[in-house]
There are 2 protein chains.
Amino acid sequence: MGLKTVKLSFLFNFFGNDYFSLVAFLQACLLYLFYRWCYAIYLGHMSQQKLNLDKTDEFGEDFEITATDSTTFPPTYLVIRVHPASKEEAVKWLVGKIRGKKLLGGAELVVLRKPYDEDGLEFHVSASPIKFLEIAEEMELVKRDKHGQMREFTVNDLENFLVDGMNVDDFLTSAERQAIIRHELENIRALPTDIHVPGYPFYSMCEGQSVLHKCIQCGIISSIYALHDQEHLKKLGRSWYRSVFQKQPLDEIKIYFGESIALYFTFLGFYTTALLFPTFLGFVQLLVSIETLPVFCIFNVIWVTVFLEMWRRKSNELAYKWGTIGMTSLGEPRANFRGQMGKDPITGKLCPQYPRYKTYLKMYCVSFPIVIACLVGAYIIMLISFWMEDQIKYNPETWSQDLLLLPSVLYTALVYVMNCYYRKLATFLTEWENHRTQSQFDRHRVTKLILFEFVNNFMSLFYIAFIIQDMEMLRSQVATMLIILQAINHMQEAVLPLLINVGFAKISQWKNGWKNTRQTKSKQKAFEDSRYSREFLETIPAIDPSDSRLNQAEQEGQLEIYEETYDDYLEMFIQFGYVVLFSSVYPAAALWAVINNVLEIRADAFRLCLVHQRPISRKVKDIGAWQRAFEVIGGLSIMTNCGLLCLSPHIRSRMAHKTDLEYILTFIFLEHILLGIRYLLHIAIPDKPEWVRVELAKKSYESRQALKHEKALKSKRYLTRRFNTVHSKHPISGPALGNK
Amino acid sequence: MGLKTVKLSFLFNFFGNDYFSLVAFLQACLLYLFYRWCYAIYLGHMSQQKLNLDKTDEFGEDFEITATDSTTFPPTYLVIRVHPASKEEAVKWLVGKIRGKKLLGGAELVVLRKPYDEDGLEFHVSASPIKFLEIAEEMELVKRDKHGQMREFTVNDLENFLVDGMNVDDFLTSAERQAIIRHELENIRALPTDIHVPGYPFYSMCEGQSVLHKCIQCGIISSIYALHDQEHLKKLGRSWYRSVFQKQPLDEIKIYFGESIALYFTFLGFYTTALLFPTFLGFVQLLVSIETLPVFCIFNVIWVTVFLEMWRRKSNELAYKWGTIGMTSLGEPRANFRGQMGKDPITGKLCPQYPRYKTYLKMYCVSFPIVIACLVGAYIIMLISFWMEDQIKYNPETWSQDLLLLPSVLYTALVYVMNCYYRKLATFLTEWENHRTQSQFDRHRVTKLILFEFVNNFMSLFYIAFIIQDMEMLRSQVATMLIILQAINHMQEAVLPLLINVGFAKISQWKNGWKNTRQTKSKQKAFEDSRYSREFLETIPAIDPSDSRLNQAEQEGQLEIYEETYDDYLEMFIQFGYVVLFSSVYPAAALWAVINNVLEIRADAFRLCLVHQRPISRKVKDIGAWQRAFEVIGGLSIMTNCGLLCLSPHIRSRMAHKTDLEYILTFIFLEHILLGIRYLLHIAIPDKPEWVRVELAKKSYESRQALKHEKALKSKRYLTRRFNTVHSKHPISGPALGNK
């Protein structure tokens, strides 16, 4: 057997014992080419559209004189679409709230109106530059000051936050401005006089409720979305999805999309880099003898633990740099947090109060049992599907073998349906539990979802591995999931919506053409068409019909909504599970994961920039429930891998001299040692890098000093007033001093 | 079999199958009586001594006119004894430092001298009332203010800290004053001009070194100890060790002995109360059938986890109440912390700087391997002892059976010796690692010691349980340890030193009589006897020879030193190990532990008040390394108990229908379920009670607000100065506002 044969057999080993994986690899390559091709088409389409846009601009020049000078209007940050059937009273009330004075419960924002309203009114919301700064102070936005320190921004201290040469207009990032507008809109709260939504006596309200969310619930507002900043986006795209093998522009992502999405991409990058280690290990593992497998097991455990601990450090580092590290569950309540209005025990501000123990009661006494019941249900359905498969397989006289795939197909379909309902249930339960902050809400919602996904995605593999004990089946399952399903995912996530969009864009282009002819009608006509009174409409300044924002708002309104980072993390979580839980049967898993992730990073970027509506930026300090979920998988991986090694007939035959009992005890011992190592690593690696700890301690020290001075100053003033009384009562500077 | 027999057999079961335990119980009762008796004797002795003291006072009246009026001198907080052979230059230099001005590197404390110095000079150190307050501010002492908030004390704000009617003299507790004096003494640091200790050119010093510790190292200072406040102590004792079945006066303990000791007693109380649950469970366990044992195992796991989590909450609660919750590893460096003097990155104060990574390097590259080697050594010695015992037992022809106890005795002796050396080694290594704060130092030192103690105390039991698998032997070992050894411990800790002290007191009484006659000699004589020059001695005010403090200082100087809380915690740790690790073979363990602890609480109190020198108070925020040590034992207990259940022949016989493999897998499954429950409980129980979190968040919020205002104020002043420039550069209030 020459060298060449050895090499080939090595490749053969690596890609699984059937050529299945090799085929899949080729498929993946094809997929990648397809993706590049689609992208090229899309780019072509975009540039064509840009051309159209430019044309519109030219076309619009005729109106420049008659229309309001919209260039002095601030850029649009959020678009609110009102349902066409909404009553005028309600819309008037809502707009009044948005534009109203702070003291009267308004948000003091700037509202612009779309000049015509055949699909319902459309409002463009923005704010004046000084308003942005004021709200930033109110939101306790943490920014880096001149001296490089992270601290709460105040308008009075603005000068100190403008790092050399920075203009005040560049001070807040695009994501921050958007978040500020969203924050103000969400925090328009019902006054005691707002008993119900005007015009809808059945939609009653209680004091402190978020007006915006009520309007969304009642269907008065049909959608709210953010507008892209085309120029900024193009610049970002150039350094991001268009340069596949370069570093991700994470700072830019944070500036444009906000912390939540930037953290996801940082995680994805960090995780993919970390995966190189098990990929390498997977290669080595195939070259060595089978007795050394436990050694790889140890390496894997160390890798998983170190990776997660290092990520926690990294995440804390970012949270410090982004000024979000101080977020706690006692922070600002989310808009939908219900409770009696009262003074916050911490800030003293008026906000809804709800006792925490009630949330705990609801969580542990209602949600927890319900979730457990759902998990058990899902598990039972899985068992039934396996049982049916067995029935069909082993009773060929009763069942036709053509039906062999039926249980799997049925199961998959059922899981898909269950998932949809379960998501709704989880969201409902978490909303009902009434968590105070958005982070808490997300954490508890995501925890519920993860548990269900865990049962659906991994339980069948556990069943195959430890109950049926069919290693070949397990290996092919893992490979299928990692190769085929991930490829399908790419298709579903990036390519499909892209194709649909291109189609839609064609239609909307046609529609636009029609609209443009309509726009030539006078402004007067717009008022006549409307179901709202002219008096009302005239109070709101309209955008110039030639403004490109109108077109953009319409186009982006049709794009798919990006629903948080949940699905993206979930994909990574499931992949991580496959890679670490069953790494000892399928060492090539890490390689597939790396290949997928390199594509995923760019595909997700592409999706965010071009396929979805611009997501509303969110501040987060960590990846929330996912950190723990990954850690639990890391812990479980010790048990599964030890179990798999133990079940491996190769290893058993090598250790034939041991009795069954001795053999099993060996692996149990190994498992406990690994659990011990994990624990040691966990306590040996600090959660935060030293410099972050020092910076935080420094800030805390300075704050405390400031408080001391403030209190001392106050006290001094007070003391000066009552000097005589105090002097005679506490002889501090009196005769007692003589001793010194 | 009547009811009576059943009951008796139940008792028989409970006390072990041999009457061994019953006998031990009687012994314990006897011991308790003996302890009460000793205590009565001691009280008699104390009141007699008090009488003597009063006599001395009467006797001293003759001198009242000639001596300095020592009642105006502040009370003594620390006594420094100088070695009789110390050179005058060194002593002069030291006293100069203690009394010297802050600006010149001194501590500005008050020093009094013992009038005669036949055993070396003795200095009584105190401070003026205003000095106490000043240092308290400097140390950032956290106290409760009028509004019930915990915050850093400042002298300027004193008024706000005096809760209604409180006198400024009562503001600092006895323990705090003592800590303040200690802090100031320790923080006398060598100046660049202090190249060596004057008079000792070989004792070189480097800048920033603690002068006090150098003097102790060089033997110039022979001892430093705190003096008791007899009146306070008597009051404390009345509500503490003299009322056995009442609640411990924890607040009083904290005021008198400081946080570290108060926390130990709180822990002891909390733990003892918590033990009632497994005690009850132990009773029930004996009444039910053997199949239900796994159920008890689950209960025990839940108990251990909940107990430790609740303790963590309790400890955080106390830390908040005591104002120590803000202590971090970046806090004030300990006196022996070495490093180049530099600006602290957090406070900006000058203090030694040492890169943390060097400490980590030393820890992981040197200390860790050494400690591991020691542990392995101890383990091997244990194995050898077992091997020797086997040799003697199974070779009756070679060895006389009288030697059967020899290996155990040898082993015990060897462990004792090793322990002594290992403690020194651990202290040395930890000192060399150069940890910044006292808490860090303690944590790392205690961790090293715990590991060694773990091997010495528990490894032999693990060996018996899982290698020899002799359950009877294991049970009797656990019982011996819990009953006999704890009783011996009581003897060794409280009764023996007490007897020795009574003896010593008699001798010192006789000596005192002799001294009193000497005191009649003129003050002049004292100067003549001294090896120090009269000029030097006259610069330091002497205490009136009739002052009872002189006698007290001498008596308390002879008492045993209380070496931190380490030994006390260790005792609890070992007990906890016996109770939880092997609870399934010896369910009565918890009962013995409770009995022991009820005695222990009072015996320890007694010891602290009457047997030992007054310990120097220490601020701590938690029980340090012990928390983790207890948690690890809790985790191990899952494994040991599952293992023990699995090995139990009774359970095996009840589950005879299962194959060996199935049987073992059942227990492994149980173990994993228990580990899972533990993890869930760990994440479900928050570390801090809600109210503590709210209070901390509130304080942090207020501090941040204060910092914002301070910065904004500064910025405003700055802005006013350069108004024109700024106005033209950033048009904040300019035309941009028009949009609003």
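Including glycine, each Cβ sits where the backbone N, Cα and C put it.
Note that the structure is predicted; figures quoted are calculated from it, not measured.
Taken from TrEMBL, the feature domain 'Anoctamin transmembrane' covers B:253-698.
Among the features that TrEMBL reports, transmembrane segment is placed at B:20-42 (among others).
Under 8 Å from some Cβ of the transmembrane segment (B:261-287) lie the Cβ atoms of residues 10, 13-14, 248, 250-251, 253-254, 293, 296, 299-300, 303, 307, 310-311, 314-315, 318, 322, 565, 568-569, 572, 576, 579-580, 583, 587-591, 593-594, 597-598, 600-601, 604-605, 608, 615, 617-618, 620, 622-623, all in the same chain and six or more residues away from its ends. Look at TrEMBL and you will find B:261-287 (among others) tagged as transmembrane segment.
Here the transmembrane segment (B:293-311) has Cβ contacts under 8 Å with residues 267, 270-271, 274, 277-278, 281, 284-285, 580, 583-584, 587, 627, 630-631, 634, 637-638, 641-642, 645, 648, 651, 670, 674, 677-678, 681-682, 685, 687 of the same chain, all six or more residues outside its ends. Per TrEMBL, transmembrane segment is recorded for B:293-311 (among others).
Residues or ranges marked as transmembrane segment by TrEMBL: B:363-388 (among others).
TrEMBL lists B:403-422 (among others) with the feature transmembrane segment.
Among the features that TrEMBL reports, transmembrane segment is placed at B:449-468 (among others).
If you look up TrEMBL, you'll see B:572-595 (among others) marked as transmembrane segment.
Positions annotated as transmembrane segment by TrEMBL: B:629-651 (among others). Here the transmembrane segment (B:629-651) has long-range neighbours at 290-291, 293-294, 297, 300-301, 304-305, 308, 446-447, 450, 462, 465-466, 469, 471, 573, 576-577, 580-585, 663-664, 667-668, 670-671, 674-675, 678, meaning same-chain residues at least 6 beyond its ends whose C-beta is under 8 angstroms from one of its own.
Same-chain residues lying 6+ beyond the ends of the transmembrane segment (B:663-681) with a Cβ under 8 Å from its Cβ atoms: 294, 297-298, 301-302, 305-306, 309, 634-635, 638-639, 642-643, 645-646, 652, 655. According to TrEMBL, the feature transmembrane segment maps to B:663-681 (among others).
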**Same-chain residue ranges lying at least 6 outside the transmembrane segment (B:572-595) that approach it to Cβ under 8 Å** = 14-16, 21, 28, 267-268, 271-272, 275-276, 278-279, 281-283, 285-286, 293, 296-297, 300, 304, 450, 453-454, 457-458, 461, 465, 471, 474-475, 478-479, 481-483, 486, 626, 629-630, 633-634, 636-637, 640-641, 644-645, 648
